[in-house]
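A.B. asks: The structure follows.
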Amino acid sequence: MSAPQIVWLRRDLRLADQPAFHAAAQAGPVIPVYVLDDETAGDRAIGGAARWWLHHSLESLSRSLAQRHSRIVLRRGDAVRELAKLVEETGAEAVHALRHYEPWWRKAQGKLAGQVDLRLYDGNYLMPPGAVTTNGGDPYKIYTPFAKAVLDYMPPRECLPEPETLHSPDRWPDSDDLADWNLLPTRPDWSGGIAAFWQVGEAAAHERLEEWSGDVAAYADARNQPSQDGSSRLSPHLHWGEISPAQIWHRLDGRRGEGWATYAKELIWRDYAQNVICQFPGYASESYRDGYAGLWRNPNRGHLIAEELQAWQRGMTGYPIVDAGMRQLWQTGWMHNRVRMIAASFLVKHLLIDWRHGERWFWDCLVDADFANNAVNWQWVAGTGVDSNMFVRIMAPLSQSEKFDAAGYIREYVPELADLPDDQIHDPPDDCRGDYPVKVVGHREARERALSAWRAAKEEG
Ligand SMILES: Cc1cc2nc3c(=O)[nH]c(=O)nc-3n(C[C@H](O)[C@H](O)[C@H](O)COP(=O)(O)OP(=O)(O)OC[C@H]3O[C@@H](n4cnc5c(N)ncnc54)[C@H](O)[C@@H]3O)c2cc1C
C-alpha cells in the first residue's frame with residue numbers, strides 16, 4: 001500500500017470543494033487530522049462561542065467520514081510539533097492543507113514546510129490574497145477598487161466534488177476524545193440559545209444555502225432589516241469552511257439583479273479582509289490611522305468606562321436597538337450586520353471606548369469570530385482602518401432603528417419592551433421603560449462629546 005497522506009484540517013471542515021482532501025485522496029490512504037492548538041495563536045486562541053461551533057462541526061465531519069469508513073485523528077498542542085510527530089509515527093508522505101492567512105498560521109506553515117513535505121492549496125476564498133494588485137503591482141488597501149478587480153476575474157474556479165473514495169491507513173494513529181477537549185461550556189452552560197439558533201456542519205450549510213437561495217433577489221433591501229431573515233446567515237459556515245465561497249457563488253450566480261450583485265460584493269468583503277491582514281498582520285490590535293491615540297485615552301474616565309463597557313456587553317445601555325443586538329449576540333452567538341455596525345459605532349463614539357474592547361468581546365461571543373473580518377470591520381466603524389468610515393460620521397442609533405424597522409427585532413431580544421407600540425419602542429419615554437434602564441448617555445450629548453474629543457485628538461496630533 002502507498003504511504004499515507006495527512007490532511008491537516010483547520011477552518012476548512014468540509015469534504016466537497018476541499019482541495020487538500022481531494023489531492024490527498026488521489027495520492028494514497030488519508031489520515032484527516034485536527035490539532036487543537038491554543039499555543040500558536042498566542043492571545044488569539046479560539047473564543048468561547050466559536051469553540052462551541054468547532055465541537056459540533058468536528059462531530060459532524062466525523063459522522064460524514066465514518067460513513068466512508070474514515071475518521072478524524074484529534075491531537076492537542078502545538079500544531080507544527082504534533083503534525084511533525086504524526087508524520088514520523090505514520091510514515092506519511094505529505095501533509096496536505098488549505099492555506100490560511102492569519103499571521104500565526106502563516107508562520108506555522110513556514111515552519112512546518114521546513115520539517116515535512118507540506119502541500120498547501122487555496123480554497124477558502126474567491127481568490128487568494130495577492131492575486132489581484134493595483135496597476136503598480138501593490139496589494140489593494142481600499143475595498144472599492146479591490147472589489148472591481150476581483151469581479152473582473154469572476155466567476156471563481158469550478159468546484160471540486162467530494163473525494164470518491166477515502167482509503168484508510170493500515171493502522172490509525174491514536175486520537176484524543178473530542179469530549180475531553182471541553183469545547184462545550186458546562187458551568188454555566190450558556191449555549192442553549194446558540195444550539196436553538198443553528199444547525200452546524202457541511203450538510204447544514206448547504207441546506208441553509210438552498211433555503212436562502214430563493215431570497216437573494218430581495219437581499220439588497222432585506223439585508224438591512226434586522227426584523228427579517230434577510231441575509232444568508234452563512235457566516236459561521238463560511239468561517240469554519242463548511243462551505244466554500246465558490247460553492248455559494250456557483251449556486252447563486254445567474255440570479256441576475258441587484259440582490260445578487262449586492263450579495264457578491266459582500267462575499268468580496270470577506271476576501272478583502274484577508275487581503276488587509278496579509279499586509280497588516282497587527283490589524284486586530286493596532287489602529288492604522290494617525291491622530292487616534294488621544295481619542296480613547298480618557299484619563300479621567302477609567303471607572304466609568306468599565307461600567308459602561310459592561311452595560312454595552314450586557315445589553316443594558318438604554319438604547320433598544322443596541323441592546324437587542326448585544327443580547328442577540330449573547331443568546332445566539334451571532335448579530336445582524338446592520339446592528340453590528342450600530343452597536344460598534346455606539347461603543348466607540350457614544351461611549352468613547354477604544355474599539356479594541358469591542359473587537360475582543362465579539363471575538364469571544366461570535367460563532368463566526370474571524371480574525372480578519374472582525375478587525376477590518378471594527379476598524380472600518382471606528383474610522384481607524386486603512387479603508388474606513390470617517391470618525392465624524394456618527395450613526396444615530398434611534399433613527400437607524402426606526403429607519404430599518406427594528407421593532408420586531410427589539411421585541412424579540414428586549415422582552416421588557418415587548419408591549420410598547422411601534423412609535424415608542426425605538427426610544428421609549430423614561431416612564432414607560434419599567435425594568436429597562438434609562439439611556440447611559442443622551443444621544444446629542446454623546447455626539448458633541450465625541451466630536452470635541454475628535455477635535456482635541458487632532459490638535460494633539
Ligand atoms: C463590528 C463588526 C464586526 C464583524 N465581525 C465579523 C466576524 O468576526 N466574522 C464575520 O464573518 N463577519 C463579521 N462581520 C461582518 C458581517 O457583519 C457578518 O459577516 C454578517 O453579519 C454575517 O451574516 P450573514 O452570513 O447573514 O451575511 P450576508 O449578508 O448573507 O453576507 C454573506 C457573507 O459575506 C461575508 N460578509 C458579509 N458582510 C461582510 C463584511 N462586512 N465583512 C466581511 N465579510 C462580510 C460573510 O462571510 C457573510 O456570511 C462584522 C461586522 C461588523 C460591523
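Note that Cβ sites are derived from N, Cα and C of the backbone, with glycine treated the same way.
Here's the feature list from TrEMBL:
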| type | residues | note |
| --- | --- | --- |
| DOMAIN | 3-126 | domain 'Photolyase/cryptochrome alpha/beta' |
| BINDING | TYR219, SER231, SER232, ARG233, LEU234, SER235, TYR263, ASP368, ALA369, ASP370 | FAD binding site |
| SITE | TRP296 | site 'Electron transfer via tryptophanyl radical' |
| SITE | TRP355 | site 'Electron transfer via tryptophanyl radical' |
| SITE | TRP378 | site 'Electron transfer via tryptophanyl radical' |
A.B. asks: Express in Å, rounded to the nearest integer, the largest CA to CA distance found among the FAD-binding residues TYR219, SER231, SER232, ARG233, LEU234, SER235, TYR263, ASP368, ALA369, ASP370 named in the record.
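C.D. replies: Per the listed residues, the maximum Cα distance equals 23 Å.
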A.B. asks: Return the single residue from the binding-site residues list (LEU234, ALA369) that has the minimum number of other CB atoms within 10 Å.
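C.D. replies: Least crowded of the binding-site residues LEU234, ALA369, by Cβ count within 10 Å, is LEU234.
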A.B. asks: Report the mean pLDDT of the predicted model across the domain 'Photolyase/cryptochrome alpha/beta' (3-126), rounded to a whole number.
C.D. replies: 98
A.B. asks: Could you check which of these recorded positions, TYR219, LEU234, TRP296, TRP355, ALA369, sit within 10 Å of TRP378 (site 'Electron transfer via tryptophanyl radical'), going Cα to Cα?
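C.D. replies: For TRP378 (site 'Electron transfer via tryptophanyl radical'), the recorded positions whose Cα atoms are within 10 Å come to TRP355.
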A.B. asks: So how many other Cβ atoms are close to TRP355 (site 'Electron transfer via tryptophanyl radical'), meaning within 10 Å of its Cβ?
C.D. replies: 26
A.B. asks: Other than its own, how many Cβ atoms are within 10 Å of the Cβ belonging to TYR219 (FAD binding site)?
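C.D. replies: I get 23 for this one.
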A.B. asks: Cβ under 6 Å from an atom of ligand 1: which of these recorded positions qualify? The list is TYR219, LEU234, TRP296, TRP355, ALA369.
C.D. replies: LEU234, ALA369
A.B. asks: When you rank SER232, LEU234, TYR263, ALA369 by Cα distance to TRP296 (site 'Electron transfer via tryptophanyl radical'), which of the binding-site residues ends up on top as the closest?
C.D. replies: ALA369
A.B. asks: Provide, as an integer number of angstrom, the distance between the C-alpha atoms of LEU234 (FAD binding site) and TRP355 (site 'Electron transfer via tryptophanyl radical').
C.D. replies: 25
A.B. asks: Using C-alpha positions only, work out which of the binding-site residues TYR219, SER232, TYR263, ALA369 is nearest to TRP355 (site 'Electron transfer via tryptophanyl radical').
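C.D. replies: So, spelling it out, the nearest of the binding-site residues is ALA369.
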